[in-house]
Amino acid sequence: MASKHILIVPGDGIGQEVTAVGKQVLNKIAAKFGHTFTYDEALIGHVAIEATGNPLPDESLKKMRKSDAVLFGAVGHPKYDNDPSAKVRPEQGLLKMRKELGLYANLRPIKLFDELLDASSIRPEILKGADILFFRELTGDIYFGEKGRKNDGDTAYDIAEYSRYEVERIARKAFDAARTRRKKLCSVDKANVIETSRLWREVVQKVALDYPDVEVEHQFVDATAMLLIKDPRRFDVVVTANLFGDILTDEASQIAGSMGMLASASIGDGTGVYEPIHGSAHDITGKGVANPLASILSAALLLDISFGLKAESDAVISAVDQVLKAGFRTRDIANSQTPADKILGTAAIGEEVLKRI
Ligand code: NAD
Ligand code: IPM
Ligand code: MN
């Protein structure tokens with residue numbers, strides 16, 4: 001039986017609401033399968049700035065390094081979104097966590113539960129069976145290059161940088177995953193224009209020689225944005241740079257029905273961090289309506305990837321599936337046909353999942 005220490009890092013807004021449910025699910029798994037999970041909490045984002053002035057206090061980072069896995073919520077606050085001049089920002093905490101923990105690979109599975117075929121704005125016959133695994137590079141690109149202002153602040157710049165080494169390690173992870181799936185890999189770049197993309201394509205082409213059993217295609221990011229909606233089933237594994245991956249996976253959330261359905265695993269050199277792809281969602285914060293399934297499915301990824309507890313992870317995914325089959329929905333995945341008594345809030349749909357584990 002496993003004995004593990006899990007750090008809960010709820011962050012801001014609905015991060016607090018959905019992570020509470022994710023933790024309950026981990027607790028239920030421990031009880032049901034006879035594991036011992038101990039927990040601690042740490043601050044990040046706006047709540048950390050309020051408490052300490054720092055979006056990622058050293059104490060939080062220390063706790064992350066010492067834990068076996070981190071369940072993270074979201075960061076962000078409207079105060080900063082509307083104030084471009086703020087020097088200290090919640091998102092800096094998230095980026096620092098990723099960099100400091102060496103979380104260079106962000107796995108974002110886009111899996112449509114059959115019951116949610118009618119939750120998407122895309123036609124069911126286009127969607128049915130869509131199953132994509134994104135590998136978003138997470139510690140490089142325009143996010144982490146030099147940035148600043150010149151000409152008395154009238155000109156701004158952000159430098160995008162990738163090294164061969166950074167591209168190769170994420171590419172190998174993506175190829176390895178493709179081997180365990182449908183053996184198709186799509187590398188997405190903008191090599192017709194951007195120099196880092198030309199290096200990206202060159203490196204992926206080289207790595208591909210080691211994976212002759214994987215069918216590789218290269219697509220430009222603009223075409224990919226279109227193809228994702230036109231024919232999502234053509235994709236198996238997709239590997240791409242930090243910024244392209246950020247944008248394409250928000251788009252791809254519509255294949256799964258909602259931002260509230262997409263979980264992710266950020267992995268690399270040390271402790272893994274498991275997080276919904278969505279943000280702090282100011283528009284619904286405090287209303288008790290946020291969909292916690294992305295956090296629950298992130299907990300499932302944590303069990304599988306960081307702890308090697310596959311049966312436990314499957315039990316979580318199966319419980320989510322059963323809740324959806326029973327017709328329960330949060331507001332974001334309901335449609336005009338959903339009976340009012342089946343539309344549940346954050347805690348209530350969490351209870352339905354717990355019952356089925
Ligand atoms: P967002 O993901 O917070 O919300 C986008 C839309 O999706 C909103 O309408 C929201 O209500 C809806 N949504 C998101 N998650 C949902 C859920 N679980 N259930 C139901 N509906 C959900 O993106 P945004 O509005 O562009 O950004 C809000 C803040 O979050 C910003 O400050 C941004 O910087 C931050 N952000 C943080 C992360 C992160 O921490 N990983 C990710 C994205 C955005
Ligand atoms: C995400 C978010 C973050 C990102 C922001 C909040 C820094 O959008 O986790 O997808 O761009 O990586
Ligand atoms: Mn994002």
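One-based numbering along the chain as shown.
Keep in mind that glycine also has a Cβ here, set from the backbone N, Cα and C atoms.
A TrEMBL annotation is a machine prediction, not a hand-curated record.
Computed from a predicted structure; not experimentally measured.
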| request: Can you match one of Arg136, Arg198, Arg201 to the substrate site that TrEMBL gives for Arg98, Arg108, Asp222? | output: Arg136
| note | Its Cβ having more other Cβ atoms within 10 Å than any other among the recorded positions Arg98, Arg136, Lys190, the winner is Arg136
| Can you check what DSSP calls Arg136 (substrate binding site), collapsed to helix, strand or coil? | strand
| With respect to ligand 3, which members of the recorded positions Arg136, Tyr143, Lys190, Asp222, Asp246 satisfy a Cβ distance under 6 angstroms to one of its atoms? | Asp246
| task | May I ask for the distance between Tyr143 (site 'Important for catalysis') and Asp246 (Mg(2+) binding site), taken between their Cα atoms and rounded to an integer number of Å? | result | 11
| message | So the record assigns Arg98, Arg108, Arg136, Asp222 to substrate. If I measure every Cα pair among those residues, what is the longest distance in angstrom, as a whole number? | response | 27
